[in-house]
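Asker: Structure below; questions to follow.
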Amino acid sequence: MLQIPPENVWIALAVTLAAGLATAIGSLLVLFSRRPNPRLLAFGLAFAGGAMVYVSLSEILNKSIASFALAYGERTGFTYGTLAFLAGVIVIVLIDHFIPNPHDSLDKQDPAFRENSREYLKRVALLTSVAITAHNFPEGLATFFATLESPSVGMPLAFAIAIHNIPEGIAIAVPVYFATQNKFYAFSASLLSGLAEPVGAALGYWLLSGSLSHATFGWVFGLIAGVMVFLALDELLPAAKRYAKGHETVYGLVAGMGTLAISLVLFKW
């Protein structure tokens, strides 16, 4: 079993908490501004998507393969790493099937804005909060274990997830605020959803701490890579395209990949 220094655990948990708290930033944008700039939102979503795809395929998947190679040998390690990646995709597909993540638009012409029924908005708020909270658990695991094993990978990943969490905070705060007309409730709902990330990280570490090995890290990193790539392709990039007026999606995607590439190079020096 691998021995993890306690200070590394606290650092990883703090990084995960910081990424999760970005949902609160999203709620503040709703409560203290007239309306988020859709083109800037499109760029930010695509930036996060590009960053997550790049770090998942260039670093996290490779760490899965390397961990399996240390446990079982190079050839078997590559096979297991690939299987773990595909397993991660399957896991998040199942989660997305049973608990769909609402892709709420911020357009004031949407039914949620036109609907006069307070009860309808309350249902929208509840379903949105539950769905996004459920999706935040695997993101918390991803940030925590990536930082635990390699801060040079975990920190950029946490940054990408934090950007991704800002529009999620918006998606929660909008229906809650319109349903309750209470800024505190809207802020609290977004904040609690983001706290699901460090909670998921703590639960994951508690369950796996007694069996941490090269093979365990191999499975965790492979699953994380699959989950992150699916989230980027299924949620972030389509949402960015919906809000874009021009080439913001492409520019954001390239900027996200480029920023992560440069940051990973700098972390190596």
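Keep in mind that glycine also has a Cβ here, set from the backbone N, Cα and C atoms.
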Asker: According to Swiss-Prot, ASN136, GLU139, ASN165, GLU168 bind Fe(2+); which one of GLU74, GLU197 is listed for that same site?
Answerer: GLU197
Asker: Would you call the transmembrane segment (125-145) and the transmembrane segment (11-31) in contact, using three or more Cβ pairs under 8 Å, pairs 6 or more apart in sequence?
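Answerer: Between the transmembrane segment (11-31) and the transmembrane segment (125-145), which are separate recorded stretches, there is contact, as judged by 3 or more close Cβ pairs.
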Asker: When each of 11-31, 80-100, 158-178, 217-237, 249-269 is checked against the transmembrane segment (40-60) for Cβ pairs under 8 Å, which one has the most?
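Answerer: Against the transmembrane segment (40-60), the leading stretch is 249-269.
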Asker: Could you name the stretch, out of 11-31, 80-100, 158-178, 249-269, with the greatest number of CB pairs under 8 A to the transmembrane segment (187-207)?
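Answerer: Between the candidates 11-31, 80-100, 158-178, 249-269, the best contact partner of the transmembrane segment (187-207) is 11-31.
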Asker: For the binding-site residues listed here, GLU139, GLU168, GLU197, which shows the highest count of neighbouring CB atoms within 10 A?
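Answerer: Within the set of binding-site residues, the most crowded position is GLU197.
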